């Protein structure tokens, strides 16, 4: 009966992997199906210990949903959402972009190399949490799909963590187990040379090839809302105390408006047209610009916002110069002027849209042609896209309007930059406490997530939006798979069968085969579970063939870190899965070649380095 449980476990895991890869059914359904299958198998055919106690009961199989790793990932997603909502890392992202001299490839390469360097001396998870929003901002500004950069971020952090003793919890775990088994203490840099050689080979693949291989998967906003690239016509009234007063044109352009195309500057009845020669902006000027949604959103941020309440009064005839009252964060959305709308043929002022809905029109985009006049003079046509701002309730109220069609998935909130300092302080505290070992990453992350809500960086609804049910079920089901594989002896059966086939082979061949086996298993089990399983096997194998155990211990360290082929292999893979909009098959597509590449590099370099 014992063999039945082991083979039944193999069958469920194989079926799950096939379902994950093919996506015949949604990933969530497969994950839930795995849990149900194991619950039924071990309920109908109990797996009991020598004293008759069930070893794989409901509590064990469902314990993954109470695992600290699950709550850590979810809490870190909330913290990341807090950083995004406040724009806390925009400045750092801008600095990294400057290092790359505006070249997207160079900027991404620098950011990834910084990640690898940090991962060598910090746990991988807080490093990815640190860099994930930074890479997200860089990708957005470069109009690059997040799917091109998120997996490289996770992979490069794992590679960096291979190079020192503290680079990964797996490294420390293997070193501790080896010491308990009578092996010498492993020093901080004892495997740095071979780890660095392997990491460089993998790093070239990650930085150079991965962005070209990964799909350019659009977000829902890009698919429905038209992406970040389309240009809206907007106007910026320069009122008294406006930050643009005194700005001069240079070489026909305004440096302060570098991300906008200035179409004209209206000064009373006199328009200045491009190119602008020796024009200095004054109070009372109206600047007509063409800009993307993201640039206009940036213009709303902070105490020195370029778009102010005066923009409202100049468009809708409001006599008030007070900023419109908005409950909560400002929301941006896009709406289409409907056929038969009462807005057709009217200007923004004549439409009285603000009076009816409370929403403000920031920009107008016409598909058929580029408009070259003041936004306040444009007469609306059916099909015009309006960039609208207001409170979330005001924007959602547009659903009831017969005059405009709200693009539901285009709604997004403008970062609350005045709370960026709070968010950054919370984030750095979480990273510092976890990296220094003062608090476990799970406790630090959960505390930080609560802090983001308590400090007003996020509201409860925004925090809830950061959760991803796919990750919740995926972690729970992966831990449900790992438990039967270990308890029924399935993992040890595979390990001993492969090692048994290598009898009589040279140490170099045994080392290579052991690396490949561990690299495969670490993508099914967790990396730490794989390390615990194979450390004694590796030491025993080395002793049986009369070889030095140290290269075999290093093999376990490096191979157990090769969690590239599945999202369940390592925590950082799960962290990037949602922002990168990845499928399970994406990790297989780009992760398997990396595992093979590192295996080949190790198989060639390790025998030479260790004189095997």
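Heads up, residue numbers simply count up from 1 along the chain you see.
Every residue gets a Cβ built from N, Cα and C, even glycine.
TrEMBL assigns the feature transmembrane segment to residues 151-174, out of the candidate ranges 103-126, 151-174.
Long-range contacts of the transmembrane segment (590-610) within the same chain, counting only residues at least 6 positions beyond its ends with a Cβ under 8 Å from a Cβ of the stretch, are 151, 155, 193-194, 197-198, 201-202, 205-206, 210, 213-214, 507-508, 511-512, 515-516, 519-520, 523, 548, 550-551, 554-555, 558-559, 562, 564-566, 569.
Over the domain 'RCK C-terminal' (221-305), the average per-residue pLDDT in this prediction is 77. Contact between the transmembrane segment (550-570) and the transmembrane segment (29-48) is not supported: fewer than 3 Cβ pairs lie under 8 Å, counting only residues 6 or more apart in sequence. Tertiary neighbourhood of the transmembrane segment (186-210): same-chain residues 108-109, 112-113, 116, 151-152, 155-156, 159-160, 162-166, 175, 178-179, 550, 553-554, 557-558, 590, 593-594, 597-598, 601-602, 605-606, 609-610, selected by CB-CB distance under 8 Å and a gap of 6+ residues from either end. If you look at the transmembrane segment (514-538) against the transmembrane segment (151-174), you find at least three C-beta pairs under 8 angstroms, all six or more positions apart, and that counts as contact.
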